[in-house]
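Structure record follows, encoded as structure tokens.
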Amino acid sequence: MKVMILFFLINFKYWKLIFYMILFMSISITISTYSWFNMWIGLEINMLTIIPLMNNTKNMFMTESSLKYFIVQAMASSLLLLSIIMMSIYQKNFKILLLMNSALLIKLGSAPFHFWFPEVMEGQMWNMNYILLTMQKISPFMLLNYNMNMPYFFSMIIIMNMMVSMLMGLNQISLRKIMTFSSMNHIAWMIAAIFFIKTIWMMYFLIYMFMLMNIIYIFNMFNIFYIKQLIKINLSLYLKMLILLNFFNMGGLPPFIGFLPKWLTIQSLINFNFKPLMTIMVILTLFTLFYYTRLMMSSLIMMKNYNLMKYPINKLIMVMLWINLLSLPLIFMIFMN
């Protein structure tokens, strides 16, 4: 019977759709239940569902990447289950909350538990990288929201994320690792946002998903994985402008819409008297703009030494470009009150 089921799944051409539906269902279970044990079950279903999606081709690097992901996520799930059991037996205290939050930060790929995440990202294709950077972070963030009464601990986590993102992102040539360390900077901002006002985090996450989708769509279309490929490939002017706008968006440079959630988070930090943390976050975020600018220098300046065929631009890319352009005036709505 098991052999027949396995044979059916292998030969069923829509098996990916089934796994994606289960993936969405697991996220819904985790964020909609009130029981910690049911939340843990949702996370387990999520982990067991995404492994086949990560390892769906006969590729050694993808197999290694999916195995690393499974080991780390299983370890984090064990720590989370242990903290849930301890919380049901003993009274909730700082040590139990520390263990639980550490397990959730491991699942997020947050510093100082980030060492596995760049290697997993390096072994996957862009479409799976997008899922790992967005959908797979929804459940851990929602669970962190229930244990945010540790301001000093999360302040340290925020600073660590930004420091690691700044130092490790500067010396990378792999775009997948650059996007990974860039996501750690955004994780820091999202933790700060969800610490104060949950709606700001929701806005930040949705805008981040949209910005990341634009960039990863282009990289996936032209199979760009390294900075040197940005140098060698000869893209059209519209496409170069699209990449430029999207990286400025990702960096949160005003007046682009990527600055909007950062500005709201900064206002929350000031209102709740976290001005020193806000200052550190703003200064360290400026360094992420440096390696975004370095990427664009590779594409816009050094590419003139190569005479390769230009890729045509399609209507979808034009729509994405105009969406980025039309988002510029939205930032001025903040100053209308």
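A Cβ is built for glycine as well, from the same backbone N, Cα and C atoms used for every other residue.
Because the structure is a prediction, the values reported are computed rather than measured.
Lifted from TrEMBL, the feature list:
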type     : residues : note
DOMAIN   : 35-288   : domain 'NADH:quinone oxidoreductase/Mrp antiporter transmembrane'
TRANSMEM : 12-31    : transmembrane segment
TRANSMEM : 67-90    : transmembrane segment
TRANSMEM : 96-117   : transmembrane segment
TRANSMEM : 152-171  : transmembrane segment
TRANSMEM : 178-197  : transmembrane segment
TRANSMEM : 203-225  : transmembrane segment
TRANSMEM : 237-257  : transmembrane segment
TRANSMEM : 277-295  : transmembrane segment
TRANSMEM : 316-336  : transmembrane segment
Have the transmembrane segment (277-295) and the transmembrane segment (152-171) got at least three CB pairs under 8 Å, pairs 6 or more apart in sequence? yes
Beyond the flanks of the transmembrane segment (67-90) by at least 6 residues, Cβ under 8 Å: 36-37, 40, 43-44, 47, 50-51, 54, 96-97, 99-100, 102-104, 106-107, 116, 119-120, 123
